[in-house]
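> Structure provided below as structure tokens; questions to follow.
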Amino acid sequence: MAAGKFASLPRNMPVNHQFPLASSMDLLSSKSPLVERRADAYQDVSIHGTLPRKKKGPPPIRSCDNFSHVGTLPHSRSPRHHSPLIQDVIQEQPLQDWKGEAFTFRDQHLLDPTLEYVKFSKERHVMDRTPERLKKELEEELLLSSEDLRSHAWYHGRIPRQVSENLMQRDGDFLVRDSLSSPGDFVLTCQWKNLPQHFKIRRTVVRLSEAYSRVQYQFEMESFDSIPGLVRCYVGNRRPISQQSGAIIFQPVNRTVPLRCLEERYGASSPDRAHEGSLTEGRPDAAKRLSLTVGGTQAREQGLPRGNLLRNKEKSGSQPACLDHMQDRRALSLKAHQSESYLPIGGKLTPQSPSVGTSPCPNSPVFRTGSEPTLSPAVVRRVSSDARPGEALRGSDSQLCPKPPPKPCKAPLLKAPPSPSIWLNSEANYCELNPALAASYDGASRLPFCAQDSYVELLTAKQNGGLGTRNSDTSYLILDDDDRTRPWKPPPAPGDTVGEDQDTFVMPLLETTSSFKPNDFESKLLPPENKPLETSMLKRAKELFTNSDPKVIAQHLLSVDCKVARILEVSEEMRKNMGVNSGLELITLPYGHQLRLDIIERHNTMAIGIAVDILGCTGSLEDRAATLNKIIQVAVELKDSMGDLYSFSAIMKALEMPQITRLEKTWTALRHQYTQTAILYEKQLKPFSKVLHEGRESTCVPPNNVSVPLLMPLVTLMEREAVTFEGTDMWEKNDESCEIMLNHLATARLMAEAADSYRMNAERILAGFQPDEEMSEVFKTEFQMRLLWGSKGAQVNQTERYEKFNQILTALSRKLEPPPVKQMEF
């Protein structure tokens, strides 16, 4: 017993019996007393209760298993005696003595003082992966020195290239990772112009003297002593990473788990595993990738130090690790993330080498997945979309690929344009419109299904179980349906007659010119050619505005808005050209670009016109206060009576311009002379406008009271460039801007669905309304453009017009109330 692990324990202990260690199942009952037996009568048994398989030849003396924390007893050469205490133990390979008698080695009623430690060792993996433990470990990393790369959440360690690309969501996102192709170097991954880009951080050693040198990091020109310093410079100064790409980084993509978890998941893997999916951070119960023990792999694993025990248990790769206790692993509810192939083990295996004495493996619920060829080539298996707990385990190609694969091409895949016959077959495919295709279509045969590049067709393919072409060379063993088996009817010839009652889909027209034509506008108030801000025209417009009731003004605004947004007075021909029944649907579609530009043009022009109405009052302070009072009353009517949130937002935008808000004397006069109006503006209109622009319109406005919804957040988001740093709205500078943007997009979907409701509300509100010709002309966009910029300036570029008029408004504001002059001290 000198070689035993417990030979030094005192023999007078009531639990000191030279039996093999018991498993946790032995705690269920303890009925019969324990009887001492000879230690050499039993074979070594793992502490997890799994009996070893018998190999050919004499049983070898093995060292402790990787999953055994205490050890096993040595073999004995003496004959084994049957123990009456050991019953109902299932053996995988029962050993035979010289007489062919089978023996068992476990006692169900056996107790051992190391049992609690065994139980702890089984649950140690679960305890190490709790969210609290991971959060604490992440906080410890982030509390390191700022010059330590691990203290920055944008550093993700050794993650594959494709995983880093999947983490990029918008332009400006970035992270830093270790280079898998050249260990020791770092790569900055970012997104710019909707394309992920990778920049290797150059690492140079500067030798200051024979005994001292330092490492510096750089992209192109300037070098830095540390990577955090480099990132701070490029983020803070908005400096392009390279002059050729022009990529700018400003939004870090932070990790949500400690680097240890990323190392365990991706550290030992090859870049090929990057195609398996994006990083599932924040899920500590995610599955470990495991595989079965094959042959003599156990001997190689024993050479690892004990300090790497967790890595041994959680080893991933096609070079498999050891699974001693499958039932314990199934208790952890491990989920398998499947890859391209799905290879069950337990059927016919590839013959092993004669030197490795293995017996046929019984049917097992364990599966192996990886990117190796299938073990059974005759069977074609389909990829499953989900995996039940404990059903599948996967491997990787960590040691099968000595060098990294070629990097994916950044150029977009060239595909054939979609066939116009698709538009003739379905009304749902007008989202990707090309006006040149209909004219060039000559009745040729339709393109293969895989060449269609429509999002609607992709969804249809997924619903039917088929997939199109992929942007990779990987074979997924999926039998795609042959396109030739699909029935297709050719479009009718030009000479064929179609019944009048038969509905035919007419391809929408892609508008390329604005509906506002200032020079072609026939006006009763403006001459054929006029200069910007003519005094006579300003006085006439102000006279009409001052002498009219606020409700009448609001009705005229609503009438013009409904025509511009194509809510009312939409002809049948216009509906066919749009492809939809309302402009509220058109602005949500890709080819509604021109209508969105027109809506933005009218909104900005209206806001500037209101600001000119206030700042153009060169008379007394009381006149400006009266004009301000009338404008606020019109805003109240638009909000409560008309339900025109579009014009309401234009008035609120004008009142919140810096050139208007700085007029302290004017606002003070408003509070003194029109106290109720000032209170109404501060307590109701401003909070209501804020709620609208935060996407909470449905919580404060009844749907049956809205005739024109809030349009500007949606059209601004859809028409803005990929990245802008100036001209953002107030809600975009909020901490919850992402959630607010999602609310606006969800509201746009509801707005398109309820287009008929808005139309009926507008018709009900404007029932019996008789517009005044002159006032209707004043509130038309063409008139306002001619009045503000003149007949020639109205044709200038929109951005240039707005910039120049912003300077004019600033000059008018300073003329009315000059800024205080700072006295110089001598």
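Cβ atoms here come from the backbone N, Cα and C positions, even for glycine.
What Swiss-Prot lists as compositional bias 'Polar residues' is 350-361. Residues annotated as domain 'SH2' in Swiss-Prot: 154-253. According to Swiss-Prot, the feature domain 'Ras-GEF' maps to 549-819. According to Swiss-Prot, the N-acetylalanine annotation covers ALA2, on the basis of similarity to another entry. Residues annotated as phosphoserine in Swiss-Prot: SER32, SER78, SER83, SER182, SER291, SER359, SER364, SER376, SER472. Swiss-Prot lists LYS335 with the feature N6-methyllysine. The feature region 'Disordered' is assigned by Swiss-Prot to 46-81, 268-287, 294-321, 348-406, 480-501. As annotated by Swiss-Prot, region 'Mediates the interaction with BCAR1/p130CAS' applies to 745-749, with the evidence given as similarity to another entry. The feature site 'Required for interaction with NEDD9' is assigned by Swiss-Prot to ARG749.
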> Does ARG749 (site 'Required for interaction with NEDD9') have same-chain partners at least 6 apart in sequence with Cβ under 8 Å from its own Cβ, and which are they?
THR588
> If you run the three-state DSSP split on SER182 (phosphoserine), which class comes out?
coil
> Name the residues of the same chain, 6+ apart in sequence, whose Cβ is under 8 Å from the Cβ of SER182 (phosphoserine)?
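Spatial neighbours, sequence-distant, of SER182 (phosphoserine): LYS200.
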> Can you check how the pLDDT averages out over the domain 'Ras-GEF' (549-819)?
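Computed over the domain 'Ras-GEF' (549-819), the mean pLDDT is 89 on the 0 to 100 scale.
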> By a Cβ-Cβ criterion of under 8 Å, what residues six or more beyond either terminus of the region 'Mediates the interaction with BCAR1/p130CAS' (745-749) are in contact with it?
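Result: 587-588, 695, 697-698, 709-710, 714, 717.
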> Just give the helix, strand and coil counts over the region 'Mediates the interaction with BCAR1/p130CAS' (745-749), going by DSSP.
5 helix, 0 strand, 0 coil
> Under DSSP, the domain 'SH2' (154-253) has how many residues in helix, strand and coil?
17 helix, 37 strand, 46 coil
